[in-house]
Amino acid sequence: MAISLSFLSTYLLLLVASFGVLAKGLLDPHFYDKVCPQALPVIKSIVEDAIKQEGRMGASLLRLHFHDCFVNGCDGSVLLDDTDTFIGEKNAAPNVNSLRGFEVIDRIKSALYYVCRGNIVSCADIVAVAARDSVVALGGPSYKVELGRRDARTASQAAANNSIPAPTLDFSGLVSNFASHGLTIQDLVLLSGAHTLGFARCTTFRARLYNETWSLDGSLASSLKYICPSESGDGDDNLAQLDSTPVKFDTVYYDWLMQRKGLLHSDQQLYKGDGSGSDGLVKFYSQNSKAFWEDFGVAMLRMGALSPLTGTDGEIRMDCRKVN
């Protein structure tokens, strides 16, 4: 499917307009300007320090935002620990032994309590800003994060199991999943572009590696077999990079899809090479990094505006891991 620049420009304007309707009166990029002007610089500093210590952390913090927003909205529910009387989302199938970065969020929360002289900044907002700052720290675009979310008092492991798109989904399943969150095919391609960062566990791509040889580059498959043995349980947590530049925000992910190097089944579903589905969008962003940067920020804002708690809904948690 050929995608013209004029079409994409028009579509982008429609996305911006629809986002404005969604978020108007709810969220504001200047929410903390007066009540705690140092909030965003503090988050940025701690995120940059965490990434300097471990480059992979940037991808982990970005992923944390996805897994928060896709489960009943961007409300910080993913941060809640299980207790004797409460089951959270951390042990849901998409998250257990996989989701990371909680300690960084804890450090940010503690620093903000001191700098803001009180419990001012929500955990949900911290996650959203940390995701943006991770993208920037790894060479990607900046965008203004809409702020003013409040934190959920509840979480849902069942919703996490059902709402977060699985790496085994086919194209139609991915489209349906994103549509259920009010997101488009273009959002799907753009937000999947976050896989230009980070790594995936063997257990998430083993089936593709051994059962989809027709759609996986042979040389990549050969190298992956050293990392990911065929037997389940053997090397499940071994990591493989999602593209050749896992700590650099670029368009190599899309290049890899066009070379049959998508690590996850769901990744390669975005490009089949026959002009169907989202082939045209993948090709366009592969060849137009500036457009990817601009449109990625818009897609992140759309996702970040999913069902926020505002006003008197929810709370501002003292500790991001538990309700007040």
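Each residue, glycine too, has its Cβ placed from N, Cα and C.
What TrEMBL records for His67 is active site, proton acceptor. The Ca(2+) 1 binding site annotation in TrEMBL covers Asp68, Val71, Gly73, Asp75, Ser77, Glu89. Per TrEMBL, the feature substrate binding site maps to Pro165. If you look up TrEMBL, you'll see His195 marked as heme b binding site. Taken from TrEMBL, the feature Ca(2+) 2 binding site applies to Thr196, Asp243, Thr245, Asp250. The disulfide bond annotation in TrEMBL covers Cys36-Cys116, Cys69-Cys74, Cys123-Cys320, Cys202-Cys228. Residues or ranges marked as domain 'Plant heme peroxidase family profile' by TrEMBL: 26-324. The signal peptide annotation in TrEMBL covers 1-23. Sequence annotations record features per position, and here TrEMBL assigns site 'Transition state stabilizer' to Arg63.
Everything TrEMBL records as a feature, shown here on the structure.
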residue : record                             : Cβ contacts under 8 Å, 6 or more apart
Arg63   : site 'Transition state stabilizer' : Leu99, Arg100, Gly101, Ala194, Gly198
Asp68   : Ca(2+) 1 binding site              : Cys74, Asp75, Gly76, Ser77, Val78, Leu79, Ala124, Val127
Val71   : Ca(2+) 1 binding site              : Ser77, Val78, Glu89, Ala155, Ser156, Ala159, Ala160, Ser163, Ile164
Cys116  : disulfide bond                     : Val35, Cys36, Gln38, Ala39
Cys123  : disulfide bond                     : Gly76, Leu79, Ile105, Lys109, Asp151, Ile316, Arg317, Cys320
Thr196  : Ca(2+) 2 binding site              : Leu242, Asp243, Thr245, Lys248, Phe249, Asp250, Thr251, Val252, Tyr253, Tyr254
Cys202  : disulfide bond                     : Ile227, Cys228, Pro229, Gly235, Asp236, Asp237, Asn238, Leu239, Ala240
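When the Cα of Gly73 (Ca(2+) 1 binding site) is compared against those of the recorded positions His67, Pro165, His195, the shortest separation belongs to His67. On a Cα basis, Cys69 (disulfide bond) lies 12 Å away from Pro165 (substrate binding site). Under 8 Å, Cβ to Cβ, and six or more positions away along its own chain, the residue listed as 'heme b binding site' finds Leu242, Asp243, Tyr253, Leu263, Leu264, Asp267. Per-site Cβ counts within 10 Å over the disulfide-bonded residues Cys36, Cys74, Cys228, Cys320 peak at Cys74. The Cβ centroid of Asp68, Val71, Gly73, Asp75, Ser77, Glu89 marks the Ca(2+) 1 site; residues of that chain outside this set whose Cβ lies within 8 Å of it are His67, Cys69, Phe70, Asn72, Cys74, Gly76, Val78, Ala152, Ala155, Ser156, Ala159, Ala160, given in sequence order.
Shown are the binding-site residues Glu89, Asp243, Asp250; the one with the most C-beta atoms within 10 angstroms of its own C-beta is Glu89. Listed in sequence order, the residues of the same chain lying 6 or more apart from the residue listed as 'active site, proton acceptor' and placing their CB within less than 8 Å of its CB are Val78, Glu89, Pro94, Asn95, Leu99, Ala160, Ile164. The Ca(2+) 2 site is set by Thr196, Asp243, Thr245, Asp250; from the centre of their CB atoms, other residues of the chain with a CB within 8 Å are Leu197, Leu242, Ser244, Pro246, Lys248, Phe249, Thr251, Val252, Tyr253. Taken together, the residues of the domain 'Plant heme peroxidase family profile' (26-324) have an average pLDDT of 97. The number of other CB atoms found within 10 A of the CB of Ser77 (Ca(2+) 1 binding site), across every protein chain shown, is 26.
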